[in-house]
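Engineer: Quick one: the structure is below, questions incoming.
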Amino acid sequence: MSEPLLTVADSLKDRARAALGSRNLILVGLMGAGKSAVGRIVASQLGIPFIDSDHEIERVSRMTIPELFAAYGEDEFRALETRVMKRLLKGGPRVVSTGGGAFINERTRRHIIKGGVSVWLKADLDVLWERVNKRDNRPLLKTENPKQTLEGLMNARYPIYAQADLTVLSRDVRKEIMADEVLKAMIEAQKESAAS
């Protein structure tokens, strides 16, 4: 009896898993970029755990993100986020989705860079707005003109997100396609690293 042939999908997963090794894969980007949705699929494809850092922050604080912002302000929230990210990134491999501001905080960014492979899910304003406009749980968008606020966040944060190890364009396609593109970006980065 012959061995079953590997499918292209199996091969992609195996090569991406080998490229990751024992490191963490950390997804960064603005709210609505798809970090959690894509992260869950990537983790499943790689056969490693997925952790949403915002959910972990809510678990340890026993408060929602909006409650934390209201009670303690953004600075205290960012300090807690840094502590949680530092702890999450000690183990591995795993896929970690971050809150939109995590990579912007210099201390948190250092932990992310040291803790694994960072992937920026980069989306344009219209894609982000379409996704975040449907929910009312975004503390930073509680303004008179939330779309303009989102654009301001893009302008301020995109140069910092660009420091991530890899960039994958987040657009209006199925999450599974985005997950495959993350895997392909990891494989390509490993090839380039091996060639240099």
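Even glycines carry a Cβ here, placed using N, Cα and C.
Annotation source Swiss-Prot lists ATP binding site at Gly32, Ala33, Gly34, Lys35, Ser36, Ala37, Arg138, Arg174, citing sequence analysis. For Ser36, the entry in Swiss-Prot reads Mg(2+) binding site. Taken from Swiss-Prot, the feature substrate binding site covers Asp54, Arg78, Gly100, Arg157.
Could you place the listed features in the three-dimensional structure?
Structural biologist: Under DSSP, Lys35 (ATP binding site) is assigned to a helix (H, G or I) in the three-state scheme. Annotation for Lys35 (ATP binding site): same-chain Cβ neighbours under 8 Å, separated by at least 6 residues, are Leu27, Val28, Gly29, Ser97, Thr98, Leu121.
Here the Cβ of Ser36 (ATP binding site) has 19 other Cβ atoms within 10 Å, regardless of which shown protein chain they belong to.
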Engineer: Whole-number Å distance between the CA of Arg78 (substrate binding site) and the CA of Gly34 (ATP binding site)?
Structural biologist: 21
Engineer: Between Ser36 (ATP binding site) and Asp54 (substrate binding site), find the distance joining the two CA atoms and give it rounded to the nearest Å.
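Structural biologist: Spelling it out, the Cα of Ser36 (ATP binding site) and the Cα of Asp54 (substrate binding site) are 10 Å apart.
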Engineer: I'd like to know which of the binding-site residues Asp54, Gly100, Arg157 sit within 10 A of Ala33 (ATP binding site) at the Cα level.
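Structural biologist: So far as Cα distances go, the binding-site residues lying within 10 Å of Ala33 (ATP binding site) are Gly100.
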Engineer: Could you give the maximum C-alpha to C-alpha distance in Å for the residues Asp54, Arg78, Gly100, Arg157 that bind substrate per the record?
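Structural biologist: Across Asp54, Arg78, Gly100, Arg157, the two farthest Cα atoms sit 18 Å apart.
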